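Asker: I grabbed these lines from Swiss-Prot:
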- C381: active site, nucleophile (ACT_SITE)
- H508: active site (ACT_SITE)
- E510: active site (ACT_SITE)
- S13, K188, T189, K190, P191, T192, Q193, K224: UTP binding site (BINDING)
- S13, D148, I149, E150, K188, T189, K190, P191, T192, Q193, K224: CTP binding site (BINDING)
- S14, I15, G16, K17, G18, I19, D71: ATP binding site (BINDING)
- Y54, G354, L382, G383, M384, Q385, E405, R463: L-glutamine binding site (BINDING)
- D71, E141: Mg(2+) binding site (BINDING)
- 292-534: domain 'Glutamine amidotransferase type-1' (DOMAIN)
- 1-267: region 'Amidoligase domain' (REGION)
Amino acid sequence: MTKYIFVTGGVVSSIGKGIVAASLGRLLKNRGLKVTIQKFDPYINIDPGTMSPYQHGEVYVTDDGAETDLDLGHYERFIDINLNKYSNVTTGKIYSEVLRKERKGEYLGATVQVIPHITDALKDKIKRAATTTDSDVVITEVGGTVGDIESLPFLEALRQMKADVGSDNVMYIHTTLLPYLKAAGEMKTKPTQHSVKELRGLGIQPNMLVIRTEEPAGQGIKNKLAQFCDVAPEAVIESLDVEHIYQVPLNMQAQGMDQIVCDHLKLNAPAADMTEWSAMVDKVLNLKKTTKIALVGKYVELHDAYLSVVEALKHSGLANDTAIDIDWVNANDLTAENVASRLADADGIIVPGGFGQRGTEGKIQAIRYARENDVPMLGVCLGMQLTCIEFARHVLHLDGANSAELDPETQYPIIDIMRDQIDIEDMGGTLRLGLYPCKLKPGSKAAAAYGNQEVVQRRHRHRYEFNTKFREQFEAEGFVFSGVSPDNRLMEVVELPDKKFFVAAQYHPEYHSRPNHAEELYSAFVTAAVENAK
């Protein structure tokens, strides 16, 4: 029988529910259990695919092409699993599906209501997360905080799950803030008590509290919360601020969190062996060397817009025994006049993805600087497309070369829309999304990075492609297409072999990076940056 764990939040948002859920997932996986995890987002958007990165941070793409919340990146990196489209559910997605069924007459003329139709659809997503992965445990995080109007159908669905599958198969974990008032010199439990009261008013009694705090709470505070919130004292778990998020699973294990969960759910599983994870964390905290990477982006004010890129760089730093110092460079501010001085201190330059015109000329200046000064450079998605445009302008001398996305009237559309996308007007869900194979060119830097594999599979999120009409011109000047689709129609990876490392990929390598296994192309880039720093 599959077990279901529901993680809710109270008092404030952004309290770290996702890290708590991911940490628990890692602990249960290391006990030998098969775990999957999902995020419920109560907003009305179908998915975050068309949301501004300033609103929501990065869009995380799964193998099957779902555009999802950035928390899924945490889940995959912590637990080292690949999730699917059932791992991110929004209000908009649920209502869209229910309304589509209503229009088709699938409800046989019934009055369609929040209960049972919306709640049943939500429960179906929870159960499908289990059946599509054959998991022992499903962990579901609900976004927002208890008391939000938009969360009510989600919490009702969670309440009903207990009756549907039995109390021994369901566990509710509530994450709250335990504020510390410096003036009074004490921690305040009332916000947590009121949050639990609100949750109980909706029919959910939490089985465990996870309290986010800056200072150790002490047993007295835990006993007080246990008494007034009706949970066992040992089931009040501290989530202290830490130097690195990968410390959290170890802190949770030290407090017996995973054992309490297993006892409640009657899971007979051996203790989690966290030796490898602990060694990784110890290494992260004791790196002596630092490598400076300039990240040239258009959303650099919000670092979460590049969360997976940053994590992949850190993982690659770990693989190369170096800490990564990210220099956040706003592409909008880069010009031909200031690019050399702005990037002079960089050991390596990364140009990540993005959409739209803003900042593209600055990114092109950064790419040109990297090429002309032989600074290791990695381009990703739009970064790959702009790498091609920069080469066309300054090496092939195709003045005005551009992407048809950025300049529909360009004489040289180096990047053009995919043929099957020409008549599509909707923006959402119309990209090339998900896992696709890439055939690597033997002897190339890309092939070397991937251990000379013939084919790798990586996730994509883009609409435009390199225009193969220009391929021969590029190759005549030493530009190598080192990764292509198996049918040779789509250009996936490009590089200049005479440079230390000048490689760009149309796909998003960062989605495959894990703390205990850095993504290979990122790792090769950081290796080159480390060498460049010497």
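Placed from the backbone N, Cα and C atoms, the Cβ positions cover glycine too.
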Asker: Along the region 'Amidoligase domain' (1-267), what average pLDDT does this model show?
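Answerer: Here the mean pLDDT over the region 'Amidoligase domain' (1-267) amounts to 95.
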Asker: How many neighbouring Cβ atoms, not counting its own, are there within 10 Å of the Cβ of R463 (L-glutamine binding site)?
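Answerer: Around the Cβ of R463 (L-glutamine binding site), 16 other Cβ atoms lie within 10 Å.
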Asker: For G18 (ATP binding site), which of these recorded positions sit within 10 Å, Cα to Cα: E141, T189, K190, P191, L382, E510?
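Answerer: Within 10 Å Cα-Cα: E141.
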Asker: Could you measure the widest C-alpha to C-alpha distance across Y54, G354, L382, G383, M384, Q385, E405, R463, the residues recorded as binding L-glutamine, and give it to a whole number of angstrom?
Answerer: 23
Asker: Can you tell me which of the recorded positions T192, K224, C381, Q385, H508 is spatially closest to D71 (ATP binding site)? Compare CA atoms only.
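Answerer: Nearest listed residue in space: H508.
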Asker: Between T192 (UTP binding site) and I15 (ATP binding site), how many Å separate their Cα atoms?
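Answerer: That separation, Cα to Cα, works out to 13 Å.
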Asker: For Y54 (L-glutamine binding site), which of the recorded positions K188, Q193, K224, C381 has the nearest Cα in space?
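Answerer: Result for Y54 (L-glutamine binding site): the nearest of the recorded positions is C381.
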Asker: Cα-Cα separation of M384 (L-glutamine binding site) and E141 (Mg(2+) binding site), in Å?
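Answerer: On Cα coordinates alone, these residues lie 35 Å apart.
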Asker: Considering Cα atoms only, can you say which of S14, I149, E405 is the nearest neighbour of K224 (UTP binding site) among these binding-site residues?
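Answerer: Closest candidate to K224 (UTP binding site), judged by Cα separation, is S14.
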Asker: Going by DSSP, is E141 (Mg(2+) binding site) sitting in a helix, a strand, or coil?
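Answerer: Once the DSSP labels are grouped into three classes, E141 (Mg(2+) binding site) ends up as strand.
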Asker: Where C381 (active site, nucleophile) and H508 (active site) are concerned, what is their Cα separation in Å, rounded?
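Answerer: So the alpha carbons of C381 (active site, nucleophile) and H508 (active site) sit roughly 6 Å from each other.
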Asker: Which one is closest to I149 (CTP binding site) in space, judged by CA to CA distance, out of the binding-site residues Q193, G354, G383, R463?
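Answerer: Nearest listed residue in space: Q193.
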Asker: Fill in the CA-CA distance, I15 (ATP binding site) to E141 (Mg(2+) binding site), as an integer in Å.
Answerer: 12
